[in-house]
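J.: Just passing along the structure, written as structure tokens.
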């Protein structure tokens, strides 16, 4: 055990950014992330999910091995890493790499220079992920740095891109992040990367690895001393082994740390044990038999199994007997505590020694397979790199065994016939037994005191003397190609293949393992194995094999996507067997990232520095962790934490709320509910003027799962969360009747909200609908189109800190897009004047609309608790609570009828749209206006839309990027595509047929919105896009590819958008100080959209009018302060992408007033100066005594509603066997007028587009009894680096000057989201090609197969892999095989006829 020199337990010692940390008492359950954020002043390491699924918390952990004298450096998720497991380690956070005072690291600087940070919340984690890759690459070489210190890293572009494969960014779209990573590669030319601030490679901030943090010498000494002491102790004890490499027991095992947060509750005591041998592990298990015990290596399972709260933690990560990693002539032994990453590296070294030519399990008729190589390739797709670095092989298997975890490792090891060694204590000492992995997982119940010691993997020779060859492949189907997602089904297939005398292929020793398809554990498909063993392969044999497999693979009842999983299992078997019969891999492998992007802009110095691609303000501070977000603000004295108590029922009366169990939780202070509102206070959670007020707490009735009932307040968030879980709510569901859980049920029960009166006129009928339908040659009637919800998944969850102030006042720091309305709502809830509430927001870690309405209640709840208790109260919602409480995008169900001519011109459209609102209206009552605007992008002749806002018992849906317009644009494309399908025309032809001319545009949108005729740029952009992307040639190549490929199909589609932007009045305050520095204040909140950056440029331009052209005010003179509702009153909302331009206009006007005031002073000084030159400093020094240098101004827009135009084309490749999609390329052209900052605008365009990919492809929201099934990173899949376009080209259209716009600019933040519909349309085309192919295989016995409708099919977003597979045919493999077998029989018959 870990003891000091006096026999007492050693304190925990580690280094944090080089500084020694020594702790005598530690809570064994304390994570590194919690320690960093609550016990230190470091705030760069963020909590994004608490599941190891987002990468915001990534840090580097370094470990010194006193035996080898080597330092291992790995990146880990600090939210999963237990502090006690870091004994002797060095932890480095992004602050440890550099800072503003000492100088930022090259990564920090390049993140800024490549415009790779927007909201910035994910940037520290991205920085550390990349740093880990650089360190790993540098450890392989970099022995001879260049003269300037630069290190020539042997880093390939593919390796660099994968550096951030375990991290999520919701803002940038990843392209600039990937460019930042690749900028460190010696073989990458910086000129080939996207937009950046560096003229050439020589201007890149130098990465000098010799200046990186080193492993602290004091830890080296400590580790050396421990090793010596441990060695001496072993010699003194003369421990013997029992022949299995296991030491006999020699002493009692004592806990190293004991901790309890309650002196009165013995069951809350937690202990940490540091065994030094397997014997001590077994002893500890016996000692704590009957107690909740957890064997710990990396604790990564806690990200998935959060409710497991052990009392005893036994650290087995340093036990030698569990760390075996060796190869013999016939196999590999891997210890249970070996990390997955170390296992991968070992397998790759074994493969290298074998010097086999095959990779990734690709084998044709005449090639063998390297088992280690295949295993390593598959293991790289499990979890993320950070999880693999810390999680163990044995831990993954134990999750599969104990909790039915959908393990890939269990399946692939079952496929190679692995054995396991289990150890237990016997009367004569430790006893080891070996068993098959299958028996271990399925049958062998681990008795108390038994431990998985190691796994044995047999390695049969790839080729044998009899000429047979090993054929081994593994498979997985998941929502992300590079892993970072659980598989819907995984498989590992093994066989020995030999050539028969007739030239065929015979199989022996067949092993077919499948898992994750809805089975308790991975299985062996033995009936199929028996069928295949000893047989020569034919199409008939394979057909019978897949039919047998389909009957063997039976998901348990309730398995989601069950039919899909079975179908893909069949596809995997086909992929395994068919290449042996016909030397063809059938599907192209996921061929990596190697992303590329091109940005085309036209810059002008007309408004310099406006229009220049300046880096985003504070982006270096965001990368280094110095940028302060709400939860980074140090906790005031006596600060408490709040957690939400949410309803578990969709509709019920509250009979009783028992809070006594909650208040008995250690650290619990109070329970706050509607009963605690002040006498003059209102039970209001959102108060926003024209919007209907939303309640704060449920009182007598809960109306959705997730309805806020109350909040628990405690000394820590963990205690508050635990207390919230102990609140007992008695519900009465019988007296209220069944809940309304869908739009369909709302219609049936006449449950509706009214459409808001402010938008009621925006969707009035256009032209005569009856005449329009009469003018059409053909009609489609009652076509149904559904869009699902989408979660905001901003990286920073809802966060607030409320501090009581004197004179009945309240100060609230909150992450919100609307400090103004938070102020109003808090004041109304507390029953105090607005001016008694001060709301401050410096920056927001992503919002996308989710921090406009629903998030207000979070701040109000904290303020009420603080008001009641007279103590500061804060909360930062955990990801699961956040996703449950904040509703997401409004789902819609549309039913349309359309009339059209034979050449594709639409004459009339009539639609009914059901909008699912939830139990309160929120933004949904405004949605029809935005929906209609986007829908009207085509000239339909006559249009009539009827909206119904459905009141349901679901969490209220709210605004999300492009609210309403996203759904409206998709309906417009659905109309086009169904018309095209009916006519057999290409959809792009029908789109062009129905473009607006200027007159129809004015009729549909109004002259004020359209503006000058020359501003209608869409037709020109459409042609520009077709030319720049070589549409005709690309379309021909796609057609050619589809003709030649059976199982991979491509689609190429192009769509336009017209997006309506609503401008708002904004104010600004400009103050010039005596030294010439300038402070700008606006009501706009910096949420990553570059508002502060653009405002600073606009101010510089306006003040520069004092001076001759070419001379201006340096940007460094400007400071933009946080939004403060006391300084900037009645600020409104930061939303709709137009706040930046409004704030720029307000600042510009205020600065022009200052220019007017300063001009006489400037003229006076100029006349007196010998050379007529007047410096800014001298001007202000003089003016400060003569004029008021502070101006407040409010700007009113000239054009309240205006239009964005854009077009995008996307090319995709769909795997018909799995439904997986790769986006090969996207080209888009966007008109944002004269861009205020091209770098910022392109970042907004790319980020919005990729977020749109989430809506249209990856982000499905499923509910069950009113409860959303995906409430975290495990179930909800936003786009990652492997689901974005491999090539993304963006062009800012050079539109004419627009006098009615702010500096001729247009917004860029929301409209590009809609362009991701081009990906959806391209997928539809690929599916159409697949369905045409399938008709060739279908026999005459299925002429009325409903799936055979070629053109007319529904693909509702998201185009998920299961929906794609279904449309391509869940039985397409069987159909193909039957066709092939039939062809063979036909050929035989023909041959027989010829012979006879």
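Every residue gets a Cβ built from N, Cα and C, even glycine.
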J.: For the annotation region 'Disordered' in TrEMBL, which listed range does it cover: 169-188, 189-208, 209-228, 229-248?
T.: 229-248
J.: Same chain only, sequence gap of 6 or more: which residues have a CB within under 8 Å of the CB of residue 169 ([2Fe-2S] cluster 2 binding site)?
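T.: Listed in sequence order, they are 122, 126, 177, 795.
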J.: Could you give the Cα-Cα distance between residue 395 (FAD binding site) and residue 817 (Mo-molybdopterin binding site), in whole Å?
T.: 43
J.: For residue 1136 (Mo-molybdopterin binding site), which of these binding-site residues sit within 10 Å, Cα to Cα: 49, 54, 394?
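T.: Taking 49, 54, 394 one by one, none has a Cα falling within 10 Å of residue 1136 (Mo-molybdopterin binding site).
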J.: Count the Cβ atoms, other than its own, that fall within 10 Å of the Cβ of residue 452 (FAD binding site), considering every protein chain shown.
T.: 24
J.: Over the span of the domain 'FAD-binding PCMH-type' (265-462), how high is the average pLDDT in this prediction?
T.: 89
J.: Taking the Cα atoms as reference points, how far is residue 79 ([2Fe-2S] cluster 1 binding site) from residue 848 (Mo-molybdopterin binding site) in Å?
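T.: That separation, Cα to Cα, works out to 25 Å.
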J.: Compile a sequence-ordered list of residues in the same chain as residue 57 ([2Fe-2S] cluster 1 binding site), six or more apart from it, whose Cβ lies below 8 A from its Cβ; state 'none' when nothing qualifies.
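T.: Once residues fewer than 6 apart are set aside, residue 57 ([2Fe-2S] cluster 1 binding site) is near 33, 45, 46, 47, 48, 77, 78, 79, 125.
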J.: Per DSSP, what is the residue tally for the domain '2Fe-2S ferredoxin-type' (10-97) in helix, strand and coil?
T.: 15 helix, 32 strand, 41 coil
J.: Nearest of the recorded positions to residue 392 (FAD binding site) by CA-CA distance, picking from 54, 119, 961, 1310?
T.: 54
J.: Validating a neighbour-count step here. Other CB atoms within 10 A of the CB of residue 396 (FAD binding site): how many?
T.: 25
J.: Compute the C-alpha separation of residue 961 (Mo-molybdopterin binding site) from residue 119 ([2Fe-2S] cluster 2 binding site), stating it in Å without decimals.
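T.: If we compare the Cα positions of residue 961 (Mo-molybdopterin binding site) and residue 119 ([2Fe-2S] cluster 2 binding site), the gap is 15 Å.
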